[in-house]
Amino acid sequence: MGELPLDINIQEPRWDQSTFLGRARHFFTVTDPRNLLLSGAQLEASRNIVQNYRAGVVTPGITEDQLWRAKYVYDSAFHPDTGEKVVLIGRMSAQVPMNMTITGCMLTFYRKTPTVVFWQWVNQSFNAIVNYSNRSGDTPITVRQLGTAYVSATTGAVATALGLKSLTKHLPPLVGRFVPFAAVAAANCINIPLMRQRELQVGIPVADEAGQRLGYSVTAAKQGIFQVVISRICMAIPAMAIPPLIMDTLEKKDFLKRRPWLGAPLQVGLVGFCLVFATPLCCALFPQKSSIHVSKLEPELRAQIHEQNPSIEVVYYNKGL
């Protein structure tokens with residue numbers, strides 16, 4: 001077997017990101033919870049394989065599949081800009097197990113005010129860790145911005161949950177089960193724009209098809225943030241809509257009436273099953289490298305791009321996660 005060639009582009013995902021299927025395969029790999037079980041030595045080995053390959057040194061005996069596996073293990077644990085190891089619960093591979101536990105508990109303990117407040121706070125604390133761990137190198141999050149987004153999202157989620165809880169007191173019990181979803185949706189609408197407020201102020205980098213940076217656009221930032229909010233809300237729908245319907249039916253059966261302690265683990269399991277599919281599929285709704293027509297950009301940036309290259313009609317940007 002010959003040595004692996006050096007022309008494999010491991011800077012980009014393995015699968016075609018212009019198709020939904022290609023993006024889905026990419027995110028199924030990125031969010032794979034099994035990556036959390038890898039030891040520090042395994043993570044370092046993957047980092048060495050990737051960094052050596054990028055430097056033009058091929059690890060002896062490695063296959064293309066092993067190279068791609070090392071790339072995804074490396075990406076799952078290390079920050080792409082700083083190279084620092086991301087805290088365990090801040091990694092994309094922790095999304096399913098962490099959200100499974102938190103969402104399952106939000107859906108189980110939705111009746112009493114103290115537990116509603118507690119689990120909404122836990123959820124927003126986890127979101128803050130994820131957002132900080134995956135912050136952009138171009139537009140870093142300051143501690144003040146993180147704190148503002150955290151407090152605002154937590155307040156918004158708790159206020160929505162308690163307000164709707166009060167309004168649904170006299171409605172069928174099934175309606176009350178959907179209050180946590182409304183709170184999470186409201187929090188996403190607050191948290192993500194605040195967390196990325198610097199992008200809304202100065203814009204995000206836009207580039208041509210070859211990756212040549214052309215400037216910064218607030219319009220592109222707004223479009224990217226909107227797409228992320230939609231993805232996050234869609235991600236929560238299956239996990240926060242399907243289990244309540246199933247649990248509402250099961251709790252009327254004698255089996256669960258005699259074993260009420262089974263309610264929480266059963267709900268967490270149902271949420272986990274939904275999230276295993278919803279997380280990667282909803283991350284794949286929009287291309288990571290999104291596009292926008294030059295005609296929709298700010299007049300100054302539009303003029304600047306036309307001056308550099310009048311033939312450019314579409315520019316690209318990283319929408320974030």
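Using N, Cα and C of the backbone, Cβ positions are placed for all residues, glycine too.
Quantities reported herein were computed from a predicted structural model and do not represent experimental measurements.
The feature N-acetylmethionine is assigned by Swiss-Prot to Met1.
What Swiss-Prot lists as transmembrane segment is 146-164 (among others), and the listing cites sequence analysis.
According to Swiss-Prot, the transmembrane segment annotation covers 174-194 (among others), on the basis of sequence analysis.
Look at Swiss-Prot and you will find 226-246 (among others) tagged as transmembrane segment. Under 8 Å from some Cβ of the transmembrane segment (226-246) lie the Cβ atoms of residues 99-100, 103-104, 106-107, 174, 177-178, 180-181, 184-185, 188-189, 192-193, 267, 270-271, 274-275, 277-279, 282-283, 285-286, 290, 319-321, all in the same chain and six or more residues away from its ends.
Residues or ranges marked as transmembrane segment in Swiss-Prot: 266-286 (among others). Tertiary proximity for the transmembrane segment (266-286) is limited to same-chain residues at least six positions away from its ends with a CB under 8 Å from its CB atoms, namely 20, 23-24, 26-28, 30-31, 95-97, 99-101, 103-105, 107-108, 227, 230-232, 234-240, 242-243, 246-247, 250, 256, 319, 321.
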